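Structure first, commentary second.
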Amino acid sequence: MTNYTSVTEFTLLGIPNTEGLENMLFVLFLAFYLFTLLGNLLIFLTILVSSNLHTPMYFFLGNLSVFDIFFPSVSSPKMMLHLMGPSRTISYQGCACQLFFYHFLGGTECFLYTVMAYDRFVAICHPLRYTVIMSHRVCTGLMLGTWLGGCLHGSILTFLVFKLPFCGPNEVDNFFCDIPGLLPLACADTSLAQTVSFTNVDVVTLTCFFLILTSYGHIVISILKIGTSAGRRRAFSTCSAHLISIFLFYGPVMLIYLRPASSPWLDSVIQALNNIVTPSLNPLIYTLRNKDVKLALRQVFTQVVHISGIERR
């Protein structure tokens, strides 16, 4: 039996070819991260306190805002700490936690986009039965299903990677712990783990994307049957924000995990955009293109200003 000296920590090399840009990247990523936290928290609180937004569509949007707060928090704080400090190490347990929560939250968000597409399908294709089909019980069940599905997805991938022995080298060619950067460091045959893990990611991603396309295929057919152009524009406007978010989310995922060859520099850049930039755009997408959310935000701000004026008196 082969004796292995187990690795106790990993060194994150960061984004390749960015030497000398650490200060600029720190300021840029910090700005995006703070905007992500504040923007999504504002959307979540607005949906929470606005009774007119207590519908299935905004219930799922509120959950999306929660995920967009947690998802970048998996890797962004550690990455910014590494940009400003001499140490780039992460413990073995910390690395495993990063991998689990990255794929747990990523998988959950993947399932959530599928559920949101189904919600739009029911709203547009079966408007008279919408409140019956998308009842509170059904929405809660769907949301719990996305959480459990994401947890199972993350658990499988974490088990497959960290059941392998790591005995050195311990340098991860990325700014956080993920499958493409960790598997080459294992001291054993990784073919089974690589095949199963990437198949898992591919099946989840492609299945969800296919279901979303199916839902929107039916939606487009139903919209084209609407007699008035105003009705068609209104129907398309309710789906446009969701479609933009879907392409921003699935585009990077497919580029990273569905490409036959891996490029550390390209993977790092795409993942930086997916982890930090994309979650910061969702608040803009859903507020600029949604009259209900903009109206609710104005009402919340008005109430806050009114309460502040009373307290000063």
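Glycine is treated like the rest: Cβ placed from N, Cα and C.
Keep in mind that TrEMBL annotations are predicted by a computer and have not been checked by a curator.
Taken from TrEMBL, the feature transmembrane segment applies to 25-49 (among others).
The annotation domain 'G-protein coupled receptors family 1 profile' is assigned in TrEMBL to 39-286.
Using a Cβ-Cβ cut-off under 8 Å and counting only residues 6 or more beyond its ends in the same chain, the transmembrane segment (55-74) has close neighbours at 33, 36-37, 40-41, 43-44, 47-48, 98, 101-102, 105-106, 108-109, 112, 115-116, 119-120, 123, 134, 139, 143, 146, 176, 245, 275-276, 279-280, 282-283, 286, 292-293. Sequence annotations record features per position, and here TrEMBL assigns transmembrane segment to 55-74 (among others).
A Cβ distance under 8 Å defines the sequence-distant neighbours of the transmembrane segment (138-162), meaning residues of its chain 6+ beyond its ends; these are 56, 59-60, 63, 96, 99-112, 115, 118, 179, 182-183, 193, 196-197, 200-201, 204. Here TrEMBL flags 138-162 (among others) as transmembrane segment.
Feature annotation from TrEMBL assigns transmembrane segment to 203-224 (among others).
With a cut-off of 8 Å between Cβ atoms, the residues of this chain six or more beyond the transmembrane segment (236-258) that come close are 64, 106, 109-110, 113, 116-117, 120, 123-124, 180, 198, 201-202, 205-206, 209, 212, 216, 219, 223, 266-267, 270-271, 273-274, 278, 281-282, 285-286, 289-290. Marked as transmembrane segment by TrEMBL: 236-258 (among others).
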Overall pLDDT of the domain 'G-protein coupled receptors family 1 profile' (39-286), taken as the mean: 86
Close approaches to the transmembrane segment (25-49) from elsewhere in its chain (Cβ under 8 angstroms; 6 or more beyond its ends): 15, 18, 58-59, 61-62, 65-66, 68-69, 72, 76-77, 79-80, 83-84, 272, 276-277, 279-280, 282-284, 286-287, 293, 296-297, 300
